[in-house]
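These notes are about the structure you will find just below.
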């Protein structure tokens with residue numbers, strides 16, 4: 001029966017065989033790459049550090065983050081700083097700690113009432129950055145932050161507060177602090 005189709009069938013068969021070999025090679029290469037891939041399922045409660053662990057592994061075992069990836073972290077860093085300060089201010093009420101510098105009451109109101117504190121370029125609004133820096137300079141805010149375990153302040157809050165001047169600077173850009 002194959003002889004009835006003549007030379008056309010053998011040309012089609014050759015094309016099919018070549019395509020099949022290309023597909024087989026591509027599958028083999030893909031399988032070879034996938035053999036070295038390790039997949040990990042991270043389970044844990046919210047805010048337990050799952051994504052932080054993945055990011056640290058990428059920094060340590062890879063070439064780190066691209067400039068675009070670093071820029072994409074900026075809103076999250078600013079939001080974490082802002083949320084941490086709001087949490088400390090609320091914690092001050094729980095701990096019955098008053099601001100040591102009376103004019104910081106206005107700054108506290110600014111931070112607590114701030115809904116969208118960034119401009120369209122994901123830059124912290126200057127008056128919000130100023131309010132955050134003034135509040136962190138207040139000894140009562142620092143005291144409340146040091147007692148964060150009494151109202152479940154995030155462990156990372158201290159990092160954001162220590163770096164508040166750098167993070168609130170106009171040209172702020174996240175860095176790869178864990179780079180080995």
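Placed from the backbone N, Cα and C atoms, the Cβ positions cover glycine too.
The following features are taken from TrEMBL:
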type	residues	note
BINDING	47, 48, 49, 50, 51, 52, 155, 156	GTP binding site
BINDING	51	Mg(2+) binding site
Query: Taking the Cβ of residue 50 (GTP binding site) as the centre, how many other Cβ atoms fall within a 10 Å radius?
result: 13
Cβ contacts of residue 155 (GTP binding site) (under 8 Å, same chain, 6 or more positions away): none
Statement: Within 8 Å of the Cβ centroid of 47, 48, 49, 50, 51, 52, 155, 156, the other same-chain residues by Cβ around the recorded GTP site are 53
Statement: Row residue 51 (GTP binding site), column other C-beta within 10 angstroms, all chains, value 11
Query: What whole-number distance in angstrom separates the two most remote CA atoms of the GTP-binding residues 47, 48, 49, 50, 51, 52, 155, 156?
result: 15
Field: C-beta crowding around residue 156 (GTP binding site), within 10 angstroms
entry: 15
